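Asks: My structure is below; once you've seen it, I'll send some questions.
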Amino acid sequence: MNPYAKLTFSLSLVLGTTITISSNHWMMAWTGLEINTLAIIPLISKHHHPRAIEAAIKYFLTQAAASTLLLFSSTINAWHTGQWDITQLSHPTASLLLTTAIAMKLGLVPFHFWFPEVLQGSPLTTAMLLSTVMKFPPITILLLTSHSLNPTLLTTMAIASAALGGWMGLNQTQIRKILAFSSISHLGWMTIILIYNPKLTLLTFYLYCFMTAAIFLTLNTTKSLKLSTMMTSWTKTPTLNASFMLTLLSLAGLPPLTGFLPKWLIIQELSKQEMTPAATIIAILSLLGLFFYLRLAYYSTITLPPNPTNHMKQWYVNKPASTLIATLITLSTLLLPMSPMILASI
């Protein structure tokens, strides 16, 4: 892709995100979301491959439908209340339509079908953007309207997302699809706590972004797309692979690592809100995710291929990982001791 074109699309992504997260008016928020959608489509389809084109078309159709629903929701609310302010969402039908639109934008169950397919057809760097940056504007709209959303609906969608994200990731061999289902599962954790503690949702999202970005950039460095290539990538960058295993375990939410912090706080907050059954169910469902993260960690560092694979041998490359990856991996694994400071700042 032409560097100037790539720069234009990247700046458009920044512009669209900034417009949406800083707007009070529904039309401006919708405009930002549209700019984002149109900027990411060329980045999805930059490899002229049938799967990439298919992913771009699926992404466009889903996001266009979600944007239409969002516009319809805001129009109904304005019709009944005379308000175009995002925080003044008070009409029940408008609230229901908005929840549907944002669930489609994010890939929450039952509107998740497009997300694994689109991620599988995208390059690793674009898949990273789709999993992190592109989710920020819809989550911001959810935060602004959290006081007027239906708690039962959100809790049901959250538990369904955690269940499906864990269950569907179990039998996948393509790493991008595994990370897509991991993203759906994490969105369930963010959604369940949204109404009771919106700042905790934001903290969970930030930490999830650090961990997912570290994983995608590591995969991009080792050029691993499926489990069989991952098994031979340890010869290329052994240190990076060991750090990669820690990041995966952090994403699973194991205690000494950063990923444990949001899960611990969410379960604590749900218990305070007398939602112990929901907390128990979502904690048990996270064990499904733990299984496939452990499988990824096992394939990446602990095991050797038992027989010659069909892939070219990846010789050791004496090329240090970038500072960005090192910083992200550090943030993804070592923030738990700083949790009192993090809690004081939110």
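Cβ coordinates come from backbone N, Cα and C, glycine included.
Where the annotation comes from TrEMBL, it is an automatic prediction and has not been curated.
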Asks: Check each of the ranges 26-44, 178-196 against TrEMBL and return the one annotated as transmembrane segment.
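Replies: In TrEMBL, the transmembrane segment feature sits at 178-196.
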Asks: Determine which recorded stretch among 152-171, 178-196, 202-219, 240-258, 278-300 has the most C-beta pairs below 8 angstroms with the transmembrane segment (321-343).
Replies: 240-258
Asks: Residues of the same chain, at least six outside the transmembrane segment (178-196), with any C-beta under 8 angstroms of its C-beta?
Replies: 106-109, 112, 115-116, 119-120, 127, 131, 135, 139, 142-143, 146-147, 149, 151, 154-155, 157-166, 168-169, 172, 204-205, 208, 212, 215-216, 251, 262-263, 266, 269-270, 273, 278, 282, 285-286, 288-289, 292-293, 296
Asks: Could you tell me what the rest of the chain brings near the transmembrane segment (202-219), counting residues at least six beyond its ends with Cβ under 8 Å?
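Replies: Cβ under 8 Å, 6 or more out: 124-125, 127-128, 131-133, 135-136, 139, 143, 175, 179, 182-183, 186, 189-190, 193, 225, 240, 243-244, 247-248, 250-251, 258-259, 261-262, 265-266, 321-322, 324-325, 328-329, 331-332, 335, 342, 346.
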Asks: Averaging the per-residue pLDDT over the domain 'NADH dehydrogenase subunit 2 C-terminal' (290-343), what integer do you get?
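Replies: Overall, the domain 'NADH dehydrogenase subunit 2 C-terminal' (290-343) comes to a mean pLDDT of 77.
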